[in-house]
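Enquirer: The structure's right below; bear with me while I get my questions together.
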Amino acid sequence: MTEIKVPIAGVIGNPITHSRSPHLHRHWLHVYGIEGYYVPLHVQGQDLAEVFHALPKLGFKGVNVTLPFKERAIELADRVSDRAALIGAANTITFQPDGTIHADNTDGYGFIENLRNGAPGWSPRAAAIVVLGAGGAARGVLSALLEAGAPEVRLANRTRAKAEALRSDFGPRVTVVDWHGVSGTMEDAETLVNTTSLGMTGQPDLELNLDALPRSAVVTDIVYRPLMTPLLEQAVARGNPVVDGLGMLLFQAAPGFERWFGVRPEITPELRAAALAE
């Protein structure tokens with residue numbers, strides 16, 4: 001009798017109850033009629049290595065990795081993609097048939113695809129891009145923008161030293177500007193990106209003067225709770241096109257689903273609704 005192996009994937013984090021990934025992948029499994037499972041896994045830090053090596057034996061094809069384990073996932077992998085190595089973090093792990101663990105980072109891909117989908121005609125090559133923040137999310141965004149051909153990225157962070165460290169990692173197309181003077185560097189920018197937590201539910205607002213920003217410039221926020229952050233509301237009020245952060249979450253999930261379940265999923269309004277469902 002032939003044994004049929006049902007594919008399993010999941011998401012690892014601590015805490016994990018906030019993750020929207022199960023909603024996305026279970027929606028796709030239903031839509032494409034795939035018999036498979038996607039489960040949230042609450043893991044303690046000291047158990048991460050053991051869990052990574054146990055999951056393939058339990059039938060797992062791979063996992064997404066969320067906070068606080070994205071950096072450690074790199075260390076536990078046998079092979080690391082170039083972009084994950086540059087970013088220094090992985091969010092997509094694939095357990096290969098030969099027993100090796102492959103680590104990738106699809107956050108930057110999700111960011112770029114979200115902008116291309118949400119702002120038709122947007123191009124990273126058009127003009128300077130202003131990025132706010134220098135944390136882990138900013139690394140993924142910078143990597144993707146430079147790979148996509150951005151001519152200049154102006155980076156501002158409340159702690160300037162962190163921005164300078166990113167500039168050292170990413171090279172001459174990244175310039176560091178003062179956090180308090182960033183508004184004055186926007187007059188020729190065509191994209192403004194917020195990668196900080198400012199404006200997120202429960203966090204202080206991002207207080208930023210957009211008067212110098214061209215009204216043609218696309219404004220995007222990687223935060224998706226709330227969908228319309230104060231920054232996006234301010235941009236809409238002055239006529240700028242805006243792209244919310246939810247699409248980044250949706251698009252970054254697609255490559256992993258394809259690797260684990262064999263189907264390239266579509267990003268649809270129904271998927272957005274599933275992601276927002278409580």
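Backbone N, Cα and C define each Cβ position, glycine as well.
What Swiss-Prot shows for this protein is this:
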ACT_SITE  Lys70  active site, proton acceptor
BINDING   Ser19, Arg20, Ser21, Thr66, Asn91, Asp107, Tyr224  shikimate binding site
BINDING   Asp82, Gly133, Ala134, Gly135, Gly136, Ala137, Asn157, Arg158, Thr159, Arg160, Ala161, Lys162, Ile222, Gly245  NADP(+) binding site
Enquirer: Taking every protein chain shown into account, which of the binding-site residues Asp82, Asp107 has the largest tally of Cβ atoms within 10 Å of its Cβ?
Expert: Asp107
Enquirer: Would you say which of the binding-site residues Ala161, Ile222 has the most Cβ atoms within 10 Å of its own Cβ?
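Expert: The largest 10 Å Cβ neighbour count belongs to Ile222.
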Enquirer: To the nearest Å, how far is the Cα of Asp82 (NADP(+) binding site) from the Cα of Asn91 (shikimate binding site)?
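Expert: Asp82 (NADP(+) binding site) and Asn91 (shikimate binding site) have their Cα atoms 13 Å apart.
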Enquirer: Select one residue from Ser19, Ser21, Asn91, Asn157, Thr159: among these binding-site residues, choose the one with the most other Cβ atoms within 10 Å of its Cβ.
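Expert: For the binding-site residues Ser19, Ser21, Asn91, Asn157, Thr159, the Cβ with the most other Cβ atoms within 10 Å is Asn91.
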Enquirer: Could you tell me which three-state DSSP class Ser21 (shikimate binding site) falls into?
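Expert: For Ser21 (shikimate binding site) - judged by DSSP and reduced to three states - the answer is helix.
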Enquirer: Using DSSP, would you call Asp107 (shikimate binding site) helix, strand or coil?
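Expert: In three-state terms, Asp107 (shikimate binding site) counts as helix.
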Enquirer: Which residues, sitting 6 or more apart from Gly136 (NADP(+) binding site) on the same chain, put a CB under 8 Å from its CB?
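Expert: Non-local contacts for Gly136 (NADP(+) binding site): Lys70, Glu71, Ile87, Gly88, Ala89.
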Enquirer: Could you check which of the binding-site residues Ala134, Asn157, Ala161, Ile222 is the closest Cα neighbour of Ser21 (shikimate binding site)?
Expert: Ile222
Enquirer: Please compare the recorded positions Arg20, Lys70 by how many other CB atoms fall within 10 Å of each one's CB, and tell me which has the fewest.
Expert: Arg20
